[in-house]
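Chemist: The structure is given below, and queries will be raised subsequently.
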Amino acid sequence: SPDCSFTCHYRCRALVRLDCSGPPGAGDEDDGTEQALEKDTNVDEPSEWEKAELDQAQVEQRIKEYNSQINSNLFMSLNKDGSYTGFIKVQLKLVRPVSVPATKRVPSLQAGRPGPRAQGVKRRTSFYLPKGTVKHLHILSHTRASEVIDALLRKFTVVDNPRKFALFERSEKDEQVYLRKLADEEQPLRLRLLAGPSEKVLSFVLKENETGEVNWDAFTLPELHNFLRILQREEEEHVRRLRHRYARCRQKMQEAL
């Protein structure tokens, strides 16, 4: 669609139905509101309450308090070995497309005689995950952030390298949104227990892992060509939004005159 710039696989175009009402750029301000509020805190320094060490009795008490405050059946449970299990909710906020496997069967060279093994050509297809995608995971208290990322990728059959993604904790304070990237060994369920069930105090977000310099030599030629096409589309979309913004300012000035 020229209005919402929806992107999908070319084979899926006939299956997509969108109600793209409204002029181009009508939702530009809404898209940027969350980003404008976000502020990255020190990624290596958790908050003071996150550093708290709990003994067995404190863990049991915290779990009872947590279960009494939630409005669902996503309870935490204490195990005999001192560990505990529970649910975390992760919002996926990915701006880049993800890759999923697509296997195409290769017909046998001899009709009617299948080969020794049914071979398939391993292919990848890329698509954008819908905004606001949310997934609940049932994990252990000692489940690490890196394992949560692996589990999320398996749930959505994403074949991209897990190092391309990072798990963030998100919190709201004084009308400001704070993000902190979790280290691989941090335990999200422990953070959930310490914070309580409030999503404003703590929520989890999966985003791209911005690690700095990209080693472009590690990608294949088809991947690099695909990146160039994506960058071109992003550049065209950015230019369109800028032109629309300036045109709207010009119109407001002319109306004032």
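Glycine too: its Cβ is placed from the backbone N, Cα and C atoms.
What TrEMBL says about a protein is an automatic prediction, not a curated fact.
Take a look at what TrEMBL says about it:
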REGION    21-49  region 'Disordered'
COMPBIAS  36-49  compositional bias 'Basic and acidic residues'
DOMAIN    121-211  domain 'Ras-associating'
DOMAIN    213-257  domain 'SARAH'
Chemist: How many of the residues that make up the domain 'Ras-associating' (121-211) does DSSP mark as helix, as strand and as coil?
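Modeler: Tallied per class, the domain 'Ras-associating' (121-211) gives 22 helix, 36 strand, 33 coil.
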Chemist: Averaged over the whole of the domain 'SARAH' (213-257), what is the pLDDT?
Modeler: 88
Chemist: Give me the DSSP three-state residue breakdown of the domain 'SARAH' (213-257), ordered helix, strand, coil.
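Modeler: The breakdown for the domain 'SARAH' (213-257) reads 39 helix, 0 strand, 6 coil.
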